[in-house]
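Let me begin by presenting the structure, written as structure tokens, before commenting on it.
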């Protein structure tokens with residue numbers, strides 16, 4: 001029984017983000033479709049070759065996507081919303097881009113499909129839309145073409161296909177409501193056709209992804225798996241693939257399926273290998289997801305070997321990444337600025353392929369010398385002074401319940417704040433950032449590259465802050481912001497100023513479409529060596545008599561949008577960040593800043609996949625926010641901002657944050673979101689976003705007034721604020737001025753009654 005290895009998928013964008021550049025060039029009309037397709041072909045060939053050279057036996061094919069793999073599956077099945085269809089009914093790459101972006105070089109623009117998080121990762125997928133009586137047919141043959149490409153290059157191919165039940169689970173019904181699971185029998189013939197085509201090409205194994213099997217699914221959805229896979233059996237061997245959590249709770253459903261193998265995530269799941277071996281049919285192959293596909297740490301391969309060695313020789317076994325390597329940067333070797341010790345702790349996608357080769361060889365031969373050598377740096381890290389800061393650990397251990405409580409309840413604080421700020425009814429403000437113009441970006445880049453000295457850089461930033469204050473005063477806003485000209489990214493900026501983080505040059509991962517992010521990496525205990533935001537907030541406040549908000553990114557969001565440590569809990573990391581930022585709140589307050597906003601857009605998206613795990617997460621997530629904020633005096637007003645759409649199921653936790661003011665994204669839902677706050681009888685102040693900053697459209701005064709009147713039917717007017725949905729960083733100044741002028745006018749009209 002020779003053990004093989006494989007990956008579940010590989011990053012698509014290219015080491016230098018070649019895919020992003022090709023996409024954006026094509027969208028802008030600067031290159032042809034053929035040039036775009038050529039870049040895709042070259043990237044796929046390179047990535048297959050790189051994996052093969054790194055020692056991977058079975059190469060994933062079908063993991064590449066022009067925008068997103070769920071969207072690719074929609075096209076495969078012929079699921080194209082009517083508004084995005086070509087007039088002749090054909091499907092091409094522009095159809096795909098219209099669904100993803102709302103527009104493409106050809107065809108009529110139409111509202112893009114909804115985008116949401118892929119399970120609990122920072123990757124986003126385009127939500128499939130389903131209508132009653134919908135028809136499906138094999139329409140987009142990208143998978144088959146890529147399999148032909150890989151076979152022609154002589155590769156050992158393992159096609160990757162998103163499974164039918166998970167595909168339906170990820171979608172939403174549009175128009176007349178019905179049970180989308182009822183479409184299962186309509187999509188299965190397309191899957192059968194695809195599997196038949198793969199069998200014709202001599203394919204032995206197909207990786208069929210059903211990550212929904214790690215969720216707490218309704219019984220009807222669990223029951224759907226057996227008939228679905230009864231219909232799909234027989235043409236090729238199916239590797240039922242799960243990830244991001246364990247499968248033990250749904251193992252009875254899984255073991256009844258007519259498949260030939262199961263992939264389990266042994267990094268994020270709590271499945272016991274011996275128990276899995278005992279319960280799986282003896283003729284099934286087990287694919288052990290031992291190498292973390294969604295973090296950047298080198299694996300301790302001696303531990304991984306010990307985890308799996310007892311079942312070697314007892315059943316067919318493959319070793320694999322826990323999930324697709326899509327969530328990891330590509331290649332550590334090009335990072336030239338990382339300290340040698342720190343660099344030795346990391347493994348990016350290509351290094352993870354090498355880890356799989358080392359593990360396969362050791363399991364086949366029994367010789368573990370290479371594993372011990374590879375694991376030495378990560379074992380040495382446990383004792384590194386770069387990791388452990390006794391002062392931070394001592395401070396964390398000393399936290400008491402008192403540290404997460406404001407001195408007084410909201411009613412007492414609100415009175416002190418009213419006396420201090422004397423704001424009018426319907427107070428107006430913005431969420432934080434103003435347009436990041438070419439001048440601002442060039443200024444930061446020149447400083448970063450060393451082409452500009454610190455004095456000239458500071459003079460330039462001060463000028464942009466001054467401009468933002470002047471603009472806001474001219475518009476008549478009540479509570480101002482400094483505009484964040486000095487910040488490139490709301491997480492990276494704080495990470496750069498906190499001890500315990502490092503940054504890469506090329507550690508890009510895909511977020512969606514052509515958007516890539518370069519998350520900071522938490523390498524050790526986190527502390528704040530010096531104030532971060534105080535100087536610029538103080539300068540901005542010196543320019544005006546109106547209150548200027550201090551702007552912080554909250555601890556849970558910094559955690560969720562970084563690569564975390566694996567040797568301590570997420571709770572520990574969040575609370576360390578909270579303590580560091582608590583000192584920032586105290587310093588802002590001492591500098592005369594009376595309103596401080598702590599953004600937590602990621603609080604909800606950090607929720608565990610299983611609802612039974614939610615309470616523990618929300619408890620420490622809320623506590624981290626409160627530790628961050630509770631140092632503030634009664635007359636300091638704490639704001640928070642959240643930009644997502646589902647509050648109903650976490651209202652208790654949102655109220656428990658005890659922020660004096662919460663601003664939320666509501667314009668696209670026509671204030672429907674406020675229902676949750678009304679039903680819950682939310683006690684503090686709320687700023688429902690009155691216009692969508694993601695659109696260049698300028699809302700009219702009447703439209704904003706109507707939304708605010710609607711809001712006032714649900715929330716008492718004396719507790720309402722007036723603000724946009726989100727920060728204005730991506731907008732231009734002309735539409736920003738026009739939209740804010742209308743927003744201020746609407747508030748003034750309401751004050752006059």
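Glycine too: its Cβ is placed from the backbone N, Cα and C atoms.
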(message) Of the residues 373, 484, 486, 492, only one is listed by Swiss-Prot in the L-homocysteine site with 431, 432, 433, 599. Which is it?
(response) 484
(request) Determine which of 560, 726 appears in Swiss-Prot for the same Zn(2+) site as 641, 643, 665. (result) 726
(request) Please state which member of 169, 205, 561 Swiss-Prot lists alongside 17, 18, 19, 20, 117, 515, 516, 605 for binding 5-methyltetrahydropteroyltri-L-glutamate. (result) 561
(request) Please determine which of the binding-site residues listed here (19, 431, 516, 643) has the lowest count of neighbouring CB atoms within 10 Å. (result) 516
(request) Go through the binding-site residues 433, 484, 605 and tell me which ones have a CA within 10 A of the CA of residue 726 (Zn(2+) binding site). (result) 433
(request) Round to a whole number and give the Cα-to-Cα distance in Å for the pair residue 641 (Zn(2+) binding site) and residue 694 (active site, proton donor). (result) 16
(request) Whole-number Å only: compute the distance from the Cα of residue 431 (L-homocysteine binding site) to the Cα of residue 516 (5-methyltetrahydropteroyltri-L-glutamate binding site). (result) 23
(request) Select one residue from 17, 641: among these binding-site residues, choose the one with the most other Cβ atoms within 10 Å of its Cβ. (result) 641
(request) Indicate whether residue 516 (5-methyltetrahydropteroyltri-L-glutamate binding site) is helix, strand or coil by DSSP. (result) strand
(request) Report the nearest neighbour of residue 694 (active site, proton donor) in space among the binding-site residues 17, 19, 433, 599, comparing Cα positions. (result) 433
